[in-house]
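Asker: The following feature annotations were taken from TrEMBL:
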{"type": "BINDING", "residues": "107-112, Asp132, Arg137, 185-189, 226-227, Glu260, 371-374, Arg441", "note": "NAD(+) binding site"}
{"type": "ACT_SITE", "residues": "Cys371", "note": "active site, nucleophile"}
{"type": "DOMAIN", "residues": "427-552", "note": "domain 'UDP-glucose/GDP-mannose dehydrogenase C-terminal'"}
Amino acid sequence: MSRCVRPLAWALAQAKAGQVLDLDGLPSKQSGRIVTPGTTARTKTCTTRTPEAAASRCKIRDWQVLATFDSELVRVSGAPILLQLGGEEDLSRSVRGTMGVKICCIGAGYVGGPTMAMIALKCPDIEVNVVDISKPRIAAWNSDELPIYEPGLDEVVKACRGKNLFFSTEVERLVAEADIVFVSVNTPTKTSGLGAGKAADLTYWESAARMIADVSKSDKIVVEKSTVPVKTAEAIEKILTHNNKGINFQILSNPEFLAEGTAIEDLQKPDRVLIGGRETPEGQKAVAALKAVYAHWVPEENILTTNLWSAELSKLAANAFLAQRISSINAMSALCEATGADVSEVAYAVGKDSRIGPKFLNASVGFGGSCFQKDILNLVYICECNGLMEVANYWKQVVQINDYQKTRFVRRVVSSMFNTVSGKKVAILGFAFKKDTGDTRETPAIDVCHGLLGDKALLSIYDPQVTEDQIRRDLSMNKFEWDHPQHLQPQSPTTLTKQVSVVWDAYEATKGAHGICVITEWDEFKNLDYQKIYDNMVKPAFIFDGRNVLNMEELRKIGFITYSIGKPLDPWVKDLPAAAN
């Protein structure tokens, strides 16, 4: 018996609303036709046992079967759907819809977990398994305390977990059973060897590819979800095809464009979903199959398809462009402080130009996160390998400005506090790289803390979502170690115990402090009782706003000596030697 309704994914004819389609007598390998709202489709090959069963099986997203469903008449409304016709068993698995499809994602991290949870929520007909070799991480995904914090994630996971969303350490079995395998493993920057400090380390990706080839007993679509260098798909393809045992693999690139803190919203209403595949009949069938998954909830015009290399490069380019905007406004913030201009006013004026727009023009202590610096350095390395030195140097400046901004902030703190913070308590408010996430990868807080610790400051750190163990681990690691699996990272150090304390209350962090550094723009920091904080600090009391989220005028009235990035300087700070800048 044919399956009657499939999500919109591919079609051979577009029907107009109200049009009657006679679908009988089509070849058995005909894959389907789009039926738009208001269309009546007549067919004897698309059948089901009862109208009730049809309505039950055909409700996908908010589509609705209106009329009685019999062997001759189907009416639909709400959104286009795809009718699957007779001869289904003759069709390739990759083009017969998503009913019964099994997805497995290797890697239960910040990308794999939320992305698969959203697919499970939007595609109840698909079984989604997320696998990882880390037993503690999988246990956390199966608990009431998820391993990552992301607004809305908890509700999505709990709505699907145990139904069609599963988290497991049975990596090989579930990969072997899957039709589509997403690979979402770490691709850290190399710390040694050729390309150290710039090139992506594909060790974990290669290991995953070899495992897929080893355990697979059926054809598979392998999807790059991790951010990878251009031409990675080609290398992975060689590994799979040289170990294929007669099994066919199709490689797709499906880069993520999530912003931490808004990842669930980004997944529900993405600006675009990008799918890159080989420009062969088999490659395009694989693209269509993955497109069918996203078409459950993403409008077709927002699902972009390209060749493999364009998709891989698009992710690196997107992150480079975004980071470039941040470094551009941060560079202007230094000039604003030198001239008395206000960077917020400059950013507003610049952003009113429709060619530029206002996003990513907030000056700060610097950008962080797992992608921006790593992807730009990867881009630099690719340019260098292709002899494009001028292009490499151009993008390298984006990272250098970011490092300069963090260094400039530390210098401002130290110089303002009588040119030394030795033995002085400094409160660090916020450790995550941005608000609404617990992610600390490449957070500016690490470099700021290292700079202050280098001058022998005593730090009291508070962040509402980052654990003490994570903070201490981050402060103990060398550059680029953070993106390797946790069991390869150093254990919590003891060397910083006397200089660093981690507390779970902003008032405790600031009690007895000489200065405060706001590093993360958590909303709660805007609403603290700063009179109470001032009363319990050593005088003069300093506050350094690395995110421009506080009302400096009110703080000055209380008695604080203030500094805010790119803003007109407090008279105290303004009188300092220019070298402090």
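All residue numbers here begin at 1 and follow the chain in the order shown.
Note: Cβ is positioned from N, Cα and C throughout, glycine not excepted.
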Asker: Any idea what the Cα distance is from Asp132 (NAD(+) binding site) over to Cys371 (active site, nucleophile), rounded to a whole Å?
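Answerer: With distance taken Cα to Cα, Cys371 (active site, nucleophile) is 21 Å from Asp132 (NAD(+) binding site).
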Asker: Within the domain 'UDP-glucose/GDP-mannose dehydrogenase C-terminal' (427-552), what mean pLDDT does the predicted structure show?
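Answerer: 90, rounded to a whole number.
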Asker: Return only the integer: C-alpha distance in Å from Asn186 (NAD(+) binding site) to the residue listed as 'active site, nucleophile'.
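Answerer: Cα to Cα, Asn186 (NAD(+) binding site) and the residue listed as 'active site, nucleophile' are separated by 11 Å.
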Asker: Measure the Cβ-based neighbour count of Asp132 (NAD(+) binding site), defined as the other Cβ atoms within 10 Å of its Cβ.
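Answerer: 24, counting other Cβ atoms within 10 Å of Asp132 (NAD(+) binding site).
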Asker: Might you list, by sequence position, any residue in that chain lying six or more from Gln373 (NAD(+) binding site) with a Cβ less than 8 Å away from its Cβ?
Answerer: Ala323, Phe367, Val399, Asn402, Glu442
Asker: Across all protein chains in the structure, which of the binding-site residues Asn186, Thr189 has the highest Cβ count within 10 Å?
Answerer: Thr189
Asker: For the domain 'UDP-glucose/GDP-mannose dehydrogenase C-terminal' (427-552), how many residues does DSSP put in helix, in strand and in coil?
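Answerer: Per-class counts: 43 helix, 19 strand, 64 coil.
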Asker: Please work out the number of neighbouring Cβ atoms within 10 Å of the Cβ of Glu260 (NAD(+) binding site), leaving out its own Cβ.
Answerer: 25
Asker: Using Cα coordinates, what distance in whole Å links Gly107 (NAD(+) binding site) and Cys371 (active site, nucleophile)?
Answerer: 16
